[in-house]
Amino acid sequence: MLQINQVSKLFNPGTPDEKIALVGIQLHLKPADFVTVIGSNGAGKSTLMNIISGVMRPDTGTLHIEGAAVGSLPEFKRSQWIGRVFQDPMAGTAPNMTIEENLAMAFYRGKVRGFGLGVNAAKRRMFKEQVARLGIGLENRFGAKVGTLSGGERQALSLLMSTFTSPKILLLDEHTAALDPARAELITQITQDIVREMKLTTLMVTHNMEQAIRLGNRLIMMDKGRIILDIDETRKKDLTVERLLGEFEQISGKKLADDRIVLG
Amino acid sequence: MLNAIMKSVELGLLFALMALGVYITFRILDFPDLTVDGSFTTGGAIAAVMIAGGYSPWLATICAFLGGLVAGVCTGLLHTKGKINGLLSGILMMIALYSINLRIMGKKPNIAILNMDTIFTGANLLVVMIVVVVVVKLLLDLFLRTNLGLALRATGDNERMIRSFGANTGTTKIIGLSLSNGLVALSGAFIVQQSGFGDVTMGVGMIVVGLASVIIGEAIFGAKTVFRATLAVILGSVVYRIVIALALRVEWLDASDVKLITALIVIIALVVPAARRSAKQKSQAHKRTAELLSGTGPKGGVS
Ligand SMILES: Nc1ncnc2c1ncn2[C@@H]1O[C@H](COP(=O)(O)OP(=O)(O)OP(=O)(O)O)[C@@H](O)[C@H]1O
Ligand SMILES: [Mg+2]
């Protein structure tokens, strides 16, 4: 489904500020893989997400989605296959537009945006059905501007918006990190339901070790721009937080340095 | 007095289309586009030359609109393809248009069309303008609710988000700038036909007039929905003309002070709400601090 071959990315190469964000990343995802990604601060997790989605271009290496080379496509073209939820609850929705208008824009992912009405009666009914499945009552506030929603509500809406056209790949970059624990758990639950139901190929960055182990069928750990650990489904089943941290120390020779880490 | 107010309403409606154009760039796209000073004249110049040349005034008006669309596209290309800062793109186009406008006018700084037929000939100017402005407003409202219109609004509201849903924000910006300057040029064409002549300096300061209308309108009538906001801009344009007319009745002010008054209106409209907000925040902070110190009131922090 997604094939990343030998992807590297350097910031400010050849200057004293040089930052190695990714080196020779090799990652293949099968359809319906749900991969959790953990790693220390500055390991390159967000950069990897940005390279897959086309926000940044890799310095070397290739990217394929379902066999098609997408490495040189601009972000807006790649967006037709890739759904994203950002860490910042403000980032995934348009605050001065209503809930239904936001949904209408998401509904047109990858389609030509012409002079058809964004929201009509039939679409409104369909949107309402979808929103109702989130189970947080947003369907009763359809005309409200998204800026009036709480962070958790916005994140739930972003999640729905980024998935309801069945993207080939779903990228979640710490999408629960800005929420309080209860809301984070709710969003995690919704994520799990949607991904399972729609069989989405998903890459999810998280700082919650317990969550990284509990969710998905594969876990990768990054450090200094490399994937240092790749745990498949069978080994993931009897993984514990202690063992995961132990593995990290053994491979990288240091403790996992992560200022937002949540053990579980 | 009543006569003066009627005149203001007429002028307000004539300039309302220009204000709607400014609303599209400044408010919807969040793009401070200064092309306006140039494209207003472009519209006026095209209309004046064509009408003086004996073309149908409606055809001349439509061509003026098209001229504005093209000017907006140029600004958009400078910004999106040339990667030039938005403000600078507009300024560059504004300067370039000054020469282009003179060319359009056959290198004459003004063209009189006093004896020619215009769209207002034999019709009531007020009625024509009400119809035109209402039709344009409703079409604009409708456009902003289409899929393309939603993408345009999102480009100004959260560009990163709409790009992540596959919209080319370069294109939506160009469309918005184009539409905006088309409306501005249309307004220029109407002004030429109302006043009977086109002048190469007629657009000077237009951007500030447009801003004043937008800000006054929003302050008085609110901008909760698109329908409300566009209505507010039109009414803002009318109120602005009434304010100017009243100001000019003050003895020691004369017509040459209009631009200064306009700038002052915009400055006041920008400064006062900001100052009020920060004052309110400060008093709120004082109150809360007192509460926290005395241990009354709700505990701090957001839930
Ligand atoms: N735009 C940029 N310019 C320069 N350096 C950058 C840029 N973006 C990221 N970096 C650097 O690249 C490295 C990888 O950053 P990245 O954001 O991918 O890390 P991360 O794994 O997401 O970290 P975190 O856990 O803190 O989110 C870091 O050293 C970072 O400072
Ligand atoms: Mg990150």
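Glycine is no exception: its Cβ is also placed from the backbone N, Cα and C atoms.
Quick look at what TrEMBL annotates:
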type     : residues  : note
TRANSMEM : B:12-29   : transmembrane segment
TRANSMEM : B:58-78   : transmembrane segment
TRANSMEM : B:85-105  : transmembrane segment
TRANSMEM : B:125-144 : transmembrane segment
TRANSMEM : B:165-192 : transmembrane segment
TRANSMEM : B:204-222 : transmembrane segment
TRANSMEM : B:229-248 : transmembrane segment
TRANSMEM : B:260-279 : transmembrane segment
REGION   : B:282-303 : region 'Disordered'
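Panel annotation: around the transmembrane segment (B:229-248), residues 4-5, 7-9, 11-13, 15-16, 18-20, 23, 27, 133, 137, 140-141, 209, 212-218, 220-223, 254-255, 257-258, 261-262, 265 of the same chain, lying at least six beyond its termini, place a Cβ under 8 Å from a Cβ of the stretch. Beyond its flanks by at least six residues, the transmembrane segment (B:12-29) meets 36, 40, 68, 126, 129-130, 132-133, 136-137, 140, 144, 152-153, 155-156, 173, 176-177, 179-184, 186-188, 190-191, 194, 206-207, 209-211, 213-214, 217, 223, 229-230, 233-234, 236-242 of its own chain at Cβ-Cβ distances under 8 Å. Through the fold, the transmembrane segment (B:204-222) approaches residues 15-16, 18-19, 21-23, 26-27, 33-34, 36-37, 40, 184, 228-229, 231-237, 239-240, 243, 259, 262-263, 265-266, 269-270, 273 of its own chain, all at least 6 residues removed from its boundaries and within a Cβ separation under 8 Å.
Tertiary neighbourhood of the transmembrane segment (B:125-144): same-chain residues 6, 9-10, 13-14, 16-17, 20, 24, 28, 119, 150, 152-153, 179, 183, 186, 190, 194, 226-227, 230-231, 234, selected by CB-CB distance under 8 Å and a gap of 6+ residues from either end. Residues 21, 33, 35, 38-39, 42-44, 46-47, 50-51, 84, 89-90, 92-93, 96-97, 104, 119, 170, 173-186, 188-190, 193 of the same chain lie 6+ residues outside the transmembrane segment (B:58-78) yet bring a C-beta within less than 8 angstroms of a C-beta in it.
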